[in-house]
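Swiss-Prot annotations:
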CARBOHYD  Asn62  N-linked glycosylation site
MOD_RES   Ser64  phosphoserine
BINDING   Asn107, Asp149, Asn162, Phe199  ATP binding site
CARBOHYD  Asn107  N-linked glycosylation site
MOD_RES   Lys168  N6-(2-hydroxyisobutyryl)lysine
MOD_RES   Ser172  phosphoserine
CARBOHYD  Asn217  N-linked glycosylation site
REGION    288-323  region 'Disordered'
COMPBIAS  289-317  compositional bias 'Acidic residues'
MOD_RES   Ser306  phosphoserine
MOD_RES   Ser403  phosphoserine
MOD_RES   Lys404  N6-succinyllysine
CARBOHYD  Asn445  N-linked glycosylation site
MOD_RES   Ser447  phosphoserine
MOD_RES   Lys479  N6-acetyllysine
CARBOHYD  Asn481  N-linked glycosylation site
CARBOHYD  Asn502  N-linked glycosylation site
MOD_RES   Lys633  N6-succinyllysine
REGION    750-804  region 'Disordered'
COMPBIAS  757-791  compositional bias 'Acidic residues'
MOD_RES   Thr786  phosphothreonine
COMPBIAS  792-804  compositional bias 'Basic and acidic residues'
MOTIF     801-804  motif 'Prevents secretion from ER'
Amino acid sequence: MRALWVLGLCCVLLTFGSVRADDEVDVDGTVEEDLGKSREGSRTDDEVVQREEEAIQLDGLNASQIRELREKSEKFAFQAEVNRMMKLIINSLYKNKEIFLRELISNASDALDKIRLISLTDENALSGNEELTVKIKCDKEKNLLHVTDTGVGMTREELVKNLGTIAKSGTSEFLNKMTEAQEDGQSTSELIGQFGVGFYSAFLVADKVIVTSKHNNDTQHIWESDSNEFSVIADPRGNTLGRGTTITLVLKEEASDYLELDTIKNLVKKYSQFINFPIYVWSSKTETVEEPMEEEEAAKEEKEESDDEAAVEEEEEEKKPKTKKVEKTVWDWELMNDIKPIWQRPSKEVEEDEYKAFYKSFSKESDDPMAYIHFTAEGEVTFKSILFVPTSAPRGLFDEYGSKKSDYIKLYVRRVFITDDFHDMMPKYLNFVKGVVDSDDLPLNVSRETLQQHKLLKVIRKKLVRKTLDMIKKIADDKYNDTFWKEFGTNIKLGVIEDHSNRTRLAKLLRFQSSHHPTDITSLDQYVERMKEKQDKIYFMAGSSRKEAESSPFVERLLKKGYEVIYLTEPVDEYCIQALPEFDGKRFQNVAKEGVKFDESEKTKESREAVEKEFEPLLNWMKDKALKDKIEKAVVSQRLTESPCALVASQYGWSGNMERIMKAQAYQTGKDISTNYYASQKKTFEINPRHPLIRDMLRRIKEDEDDKTVLDLAVVLFETATLRSGYLLPDTKAYGDRIERMLRLSLNIDPDAKVEDEPEEEPEETTEDTTEDTEQDEDEEMDVGTDEEEQETAKESTAEKDEL
């Protein structure tokens, strides 16, 4: 038995020695290759684990050497709180996984900034590698993604400190505060923003992360982690980087899309297009090249050339080697961020064509911008920005207005794209403005999706709005009226309603149609310049169209006296003017409401008072009897010249146009506005004392106040005035009946005369035999009937001719 044990032990030792001998491989290699990973999913089987370890190889190191390195490496276990934080980062903090690449490139840019700063005082800082670049390489075969920078690199201690510890202090306190904030439904962005953990976004897409780094003050080291623990060891290959860091991601199976070149290129252009340092992606392209032909191919081609003259020329000339065109796939580094951030340059140094080219590239538009502004803001927060007004309004500009995010302002921090998912960067009414904002002062939270200090964002917003309004104001008048106002006029009106702090600036940008010109629009400044002497109010009339507004009874006397009236023809117009208390010291007057008064002499005043006294019986009769419960009061009008009467709203009531808009909105939402305070207010009934109908009514009621015809006429006038004043009738049937009664009286027809009864036709009697015959031979019966009808018609025609 003992001999068998000894024999078995010898066999094991011989086998082990054979394996070690077979595994010895040369250590030399290049920096371009790094890790690989098996597709096996299970890690419980020893064979699977072995195959996986053999697949993961560092450049120049075989599987056994990798295992030996891992055994010798110093391992660090994440604490329980750090593990919780890691899970929080991976599972909840990031809104989309693709930002891992943005974070890695951003960190690479920071490292390059540091070494460039060091090189200003240390001339040997760049001796290991003079180029400052970021390079990205996809390895589909090994399921690897490499991000390499030639930045400052990290020492062993820095790898442990920077990559091994998420929260540099107060990890438990941070988690407790975050838990409390989540329970209270509060934002955790301010807490998260204190911890720079963008590197760990790599675990969103990777099962394992390996960092190879070389610092000028230390040897090259390898850091490795699977998000549960990490290890650090000196790189046995020596200095293969020169200086800098390579981050290698062993991608998860579901993240394989990030090995596609198009995906990586699009992400670089989306997030890191304006990084200060060049970013290269290892890309392939097909090129047509000329290669020398094989001897057999060349001989065959010469044989095919049978032209004797060509043959003679060839003998005379020096023989050239035969070549052929071949398509080859060529791999090389492709520059991704060739568009330089022109907002970082002084505006005086940027040509107009550069702004236009940048706008087209940035916005994906084919037209030039209508206007642009380039500025640097300083103060509480410093930032650079370029803003553009597009030539035409974006499609669906007012779809889901206010609830839909505006993605036309892109926020950058140190040339790194952060987000365009903002509700607060610009106010809703400026949702058409496109541009970029770049600041070095903005603090970011862990995912860079929201800002840590909202106060700074408000400062930026305030300056952006002011600069945008300055830009719009500088657009030439002809271009503004013909183009800008047609595309974005509604936005400016909404701004007057919504933006209290900039209301005065926005009011100067308003444009409306007016009685001054049949087609041109006018500004409020121009209206005020044309105001009559002693005119203290800006008159406006609202309607569904210009034709409706200018034919309204409310503008008759104003136009006759030469006053200019602004026509509000858009649904938002009346809201806009109501939000403006005044303009240039002049208050607005809705001519469809009370308060329209004219400057009058003493003689005119005496004449008006005499007319009011003359028509006092009619006014009292209308208020107390004919139109009782329908009107607030009846007065002699100062605004009517042609119409007999009009229905005027109180100063705080709804005009006809506003009531129509409110009812349309209520219909869409299913609300009932009949009980609304403004809708239920009674109106003032104004009469024109010079109109023949009104004068005749005065005569009639003096003779008989109970005259039914006059009572009907008063109600018809009221309902007609309701319609002409822009309001809707609650009972159109009753109105129609009264109109019919008035028509009967005008034609001397008895108002109570009945409509003649329509004679009823008796049904024809048919026998059963006839019915059966008809069913049996229907076609024949129809033909016979037709012939008989034609004969009868011919007889009648002959008889009529005889009579004539």
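Backbone N, Cα and C define each Cβ position, glycine as well.
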Determine, using Cα-Cα distances only, which of these recorded positions is closest to Asn107 (ATP binding site): Asn217, Lys479, Asn481, Asn502, Lys633.
Asn217
Give, as a single whole number between 0 and 100, the mean pLDDT over the motif 'Prevents secretion from ER' (801-804).
38
At a 10 A cut-off on CB-CB distances, which of the recorded positions Asn107, Asn162, Asn481 has the highest count?
Asn107
Using DSSP and three states only, what is Phe199 (ATP binding site)?
helix
For the residue listed as 'N6-acetyllysine': intrachain residues, at least 6 apart, with Cβ closer than 8 Å:
Met370
Rounded to the nearest Å, what's the C-alpha distance separating Asn162 (ATP binding site) and Asn217 (N-linked glycosylation site)? Just drop the number here, would you?
16
Other than Asn107, Asp149, Asn162, Phe199, which residues of the same chain sit close to ATP? List them in sequence order, counting a residue when its Cβ is within 8 Å of the Cβ centroid of the site.
Leu104, Ala108, Asp110, Ala111, Met154, Leu163, Gly198, Val211, Thr245, Ile247
My understanding is the cutoff is Cβ-Cβ under 8 Å with a sequence separation of 6 or more in the same chain; which residues meet that for Asn502 (N-linked glycosylation site)?
Val465, Arg466, Leu469, Gly495
For Asp149 (ATP binding site), the three-state class that DSSP assigns:
strand
Provide, as an integer number of angstrom, the distance between the C-alpha atoms of Asp149 (ATP binding site) and Asn481 (N-linked glycosylation site).
52
Would you count the other CB atoms within 10 A of the CB of Asn217 (N-linked glycosylation site), including those on all shown protein chains?
8
Compute the C-alpha separation of Asn481 (N-linked glycosylation site) from Lys633 (N6-succinyllysine), stating it in Å without decimals.
43
Distance between Lys633 (N6-succinyllysine) and Phe199 (ATP binding site) at the Cα atoms, whole Å?
76
So what sits near Phe199 (ATP binding site) in its own chain, CB-to-CB under 8 Å and at least six residues off in sequence?
Glu103, Leu104, Asn107, Asn162, Leu163
Taking DSSP three-state, what's Asn502 (N-linked glycosylation site) in: helix, strand or coil?
coil
According to DSSP, which of helix, strand or coil covers Lys479 (N6-acetyllysine)?
helix
